[in-house]
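Here is the structure we will look at.
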Amino acid sequence: MTPAALQATRTPTLLWDVVRVVAAVLIVAAAARQLGQSVSFALTTDTAHGSHLPTVVANFLSFFTIESNLLAAAVLLVAAIRSFRARGREAQDPAWLATLLVCASTYMIVTGVVYNVLLRGIELPQGQTVPWSNEVLHVVGPLVMLLDVLLAPRRRALPWSAIGVVVLYPIAWAAYTLLRANTVVAPLSGDPWWYPYPFLDPHLQGGYGVVAAYIAAIAVLISLAGWGVIAAGRRRARA
């Protein structure tokens, strides 16, 4: 590759490295700010279960949104650092990084869709949510990951079997959530159960049948999103 061609390749790659780093920092800042707000809110409650900080923090980290965003931030940062250090020596991401990018992108895209379709209109206790943080975690982050799928350099074509890897974490998260729910006292209501999202709560949905239907629908959405992300990577790698 000639010096001019190498420089032309480096310029958009470096620009996207910067975008990834900025997005990662913004996501971490948003998550940290929301955690701080949740802890501060808990300290104002007058019940033992409401102000039990280990439970409050564990609940915060049990949200699919938070876990997906933290994974996305970590993967974006690793991808940016690795890309910068490569300095044009490699044309594609290694398979392990490409797999992590597919997983993080899929989870974040699904997070954005589910939140804006099912959860945006649900009101939380006044003062518990940080508006800008909420938008970063549910809108900005997912959009960045979608753009990463469509625009980021070095995309590697993964086999279709990678969808099996993509669905592993959501399955584990759903199992963890349902098993943990009845071991936790809800901080605000005092109910002897706690679910991160209303559509997972059988007490609100009229039983586990409806919850199972929601989980099945989201599983299909995750599989379709994963298929789309992998398809985009395969198409771009051939271009």
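Cβ atoms here come from the backbone N, Cα and C positions, even for glycine.
From a predicted model like this one, the values you see are computed outputs, not experimental measurements.
Quick look at what TrEMBL annotates:
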TRANSMEM  14-36  transmembrane segment
TRANSMEM  56-84  transmembrane segment
TRANSMEM  96-116  transmembrane segment
TRANSMEM  136-153  transmembrane segment
TRANSMEM  160-179  transmembrane segment
TRANSMEM  208-230  transmembrane segment
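No contact links the transmembrane segment (56-84) to the transmembrane segment (208-230), because fewer than 3 Cβ pairs that are 6 or more residues apart lie under 8 A.
Long-range contacts of the transmembrane segment (208-230) within the same chain, counting only residues at least 6 positions beyond its ends with a Cβ under 8 Å from a Cβ of the stretch, are 102-103, 105-107, 109-110, 113-114, 149, 158, 160, 162-163, 166-167, 170-171, 174, 178, 199-202. By the Cβ criterion (under 8 Å, sequence separation of 6 or more), the transmembrane segment (14-36) is not in contact with the transmembrane segment (160-179), since fewer than 3 such pairs are found. Sequence-distant contacts of the transmembrane segment (160-179) (same chain, at least 6 residues past either end, Cβ-Cβ under 8 Å): 62, 64, 67, 99, 102-103, 106-107, 195-196, 200, 211, 215, 218-219, 222-223, 226-227, 229-230.
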